[in-house]
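Okay, structure first, notes after.
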Amino acid sequence: MLSSSQSWRNSAPWRCQVLLDTGKVDADPKDGAGRTALHIAAELGHEAVVKLLLDTGKVDADPKDENGQTALYMAAKYGHEAVVKLLLDTGKVDADFRERDGWTALHIAAVKGHEAVIKLLLDTGKVNANAQDEFGQTALYIAAANGHEAVVKLLLDTGKVDEGTKDENGWTALDIAAKNGHEAVVKLLRLLSLDH
């Protein structure tokens, strides 16, 4: 037997459709924090609801909340690959948009180690893989700091990141990986520097 929350989750697309079909419901309202239904569905990874909302043609596919975070950013943050793909496939989202602190969807996916999401973002060809946040940190730096070896390798394999980029304190991805004790990442970055 399904739990009540699982049962509600499974019926959410149907419930949304019923409400939208009345024609009396605004499909794109914002709450006090500027978040829309699309933000919330993306954050929760509710692919069917995201698709339903996008299919209405009445929602902004790239809404920004008060922190400048988009539905794409929220889906990337929680590793919801299918939702990220749906949003990117609309052609109406800025895959390289920066939120208030200068982070992109690539930054947030890197800190969480969401390799599949990072691949989708990179495959668009529309993201700056070497973008720096307000502290000078790149997605590579952030992945290295958190020991996400597969993400570091994926970013390096693009050939579009500068492993020598320094943050505001003069630290590189190699420096922060070593400081944090991520030996596999250190080895990977050192091998790369030997190749150059």
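Note that Cβ sites are derived from N, Cα and C of the backbone, with glycine treated the same way.
What TrEMBL says about this protein:
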type   : residues : note
REPEAT : 33-57    : repeat 'ANK'
REPEAT : 67-91    : repeat 'ANK'
REPEAT : 101-125  : repeat 'ANK'
REPEAT : 135-159  : repeat 'ANK'
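Of the candidate ranges 33-57, 67-91, 101-125, 101-125 contributes the most Cβ pairs within a distance under 8 Å of the repeat 'ANK' (135-159). For the repeat 'ANK' (67-91), the predicted model reports an average pLDDT of 98. Counting same-chain residues at least six beyond the ends of the repeat 'ANK' (67-91), those with a Cβ under 8 angstroms from any Cβ of the stretch are 33, 36, 38-39, 41-47, 50-51, 54, 61, 97-100, 103-106, 108-109, 112, 114, 116-117, 120-121, 124. Break the repeat 'ANK' (135-159) down by DSSP state and the numbers are 16 helix, 0 strand, 9 coil.
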